[in-house]
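Chemist: What Swiss-Prot shows for this protein is this:
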DOMAIN    1-174  domain 'UmuC'
SITE      Phe2  site 'Substrate discrimination'
BINDING   Asp92  Mg(2+) binding site
ACT_SITE  Glu93  active site
Amino acid sequence: FFAAVEMRDNPALRDIPIAIGGSRERRGVISTANYPARKFGVRSAMPTGMALKLCPHLTLLPGRFDAYKEASNHIREIFSRYTSRIEPLSLDEAYLDVTDSVHCHGSATLIAQEIRQTIFNELQLTASAGIAPVKFLAKIASDMNKPNGQFVITPADVPAFLQTLPLAKIPGVGKVSAAKLEAMGLRTCGDVQKCDLVTLLKRFGKFGRILWERSQGIDERDVNSERLRKSVGVERTMAEDIHHWSECEAIIERLYPELERRLAKVKPDLLIARQGVKLKFDDFQQTTQEHVWPRLNKADLIATARKTWDERRGGRGVRLVGLHVTLLDPQ
């Protein structure tokens with residue numbers, strides 16, 4: 001989205017690899033990249049130095065968050081012409097419930113098509129869309145025909161679509177979970193449909209139920225137009241437990257750019273109420289520690305993590321490290 005705004009405002013950038021991010025000299029990271037840059041392997045959260053090695057002729061831009069926010073607000077206003085049931089996820093993504101919409105004869109497919117065309121007509125930006133009977137399938141569908149298309153999963157399509165859908169496509173299934181599922185012989189939603197729910201609950205806890213429900217096409221979450229994102233976080237579960245502070249610090253160094261990128265999508269000025277860290281130990285007990293802080297700050301997060309590591313670990317191995325921020329109350 002950021003790259004699309006830059007290419008719109010400067011057409012000379014359209015056909016060349018560009019990325020939004022910090023400079024190599026300041027050990028910056030890539031926030032996002034356009035499709036020509038992605039062909040070279042440039043990705044979000046990648047160190048700028050690595051991106052420039054992959055793509056030496058990459059054009060690096062510092063980012064104009066006011067312009068991105070302005071475009072996002074305009075897009076949100078277009079959404080509101082079709083429904084009041086809008087659940088924003090970030091500057092460039094939202095769920096819309098058009099069940100009761102009278103536009104386009106009530107056709108969700110035609111509404112999505114018209115919204116995409118309106119966005120292009122009024123902002124000269126392309127958009128992709130996913131149409132489905134439940135939220136998680138709409139999210140998956142939205143990725144099927146990027147960067148400028150849409151994909152429809154009708155209620156009748158759901159059973160066949162799920163049979164071959166890789167579990168890694170389900171929101172919340174990361175590399176570690178996918179590997180554990182693979183070890184159980186579970187690769188697709190069709191595989192999980194044959195699995196006992198009790199087995200999943202024993203192996204994955206509450207997430208086991210979510211996994212089972214999604215594999216059946218069940219997602220009872222409504223589109224919440226009152227939704228206000230209260231926090232942003234990022235975490236990593238290690239393949240093997242760590243036992244040394246230097247390992248933990250290295251993980252935080254890798255997680256921080258991703259936290260910064262996610263926060264920038266919902267709060268471009270990076271202003272926050274609190275920030276903190278989470279450690280989960282080898283006995284699955286976990287601890288969090290946070291305190292008031294006005295702006296995202298890596299040095300403070302590292303100091304907080306070190307204090308937590310020293311005072312609460314008690315010699316246990318650490319299996320997960322997480323960083324999070326609590327957003328300011330707009331009221």
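Just so it is clear, glycine is given a Cβ too, placed from its N, Cα and C backbone atoms.
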Chemist: According to DSSP, does Phe2 (site 'Substrate discrimination') sit in a helix, a strand, or coil?
Modeler: helix
Chemist: In sequence order, which residues at least six apart in the same chain have a CB under 8 Å from the CB of Asp92 (Mg(2+) binding site)?
Modeler: Phe1, Ser72, Ile75, Lys265
Chemist: Just to verify a number: CA distance, Phe2 (site 'Substrate discrimination') to the residue listed as 'active site', in angstrom, no decimals.
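Modeler: One finds 12 Å between the Cα atoms of these residues.
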Chemist: What are the non-local neighbours of the residue listed as 'active site', defined as same-chain residues 6+ apart in sequence with CB under 8 A from its CB?
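Modeler: Residues satisfying the criterion: Ser142.
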Chemist: Sort the residue listed as 'Mg(2+) binding site' into helix, strand or coil using the DSSP assignment.
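Modeler: The three-state answer is coil.
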Chemist: Take the Cβ of Phe2 (site 'Substrate discrimination') and count every other Cβ within 10 Å, whichever protein chain it belongs to.
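Modeler: Other Cβ atoms within 10 Å of Phe2 (site 'Substrate discrimination'): 26.
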Chemist: Taking only the residues in the domain 'UmuC' (1-174), give me the average pLDDT of this model.
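Modeler: It averages 93.
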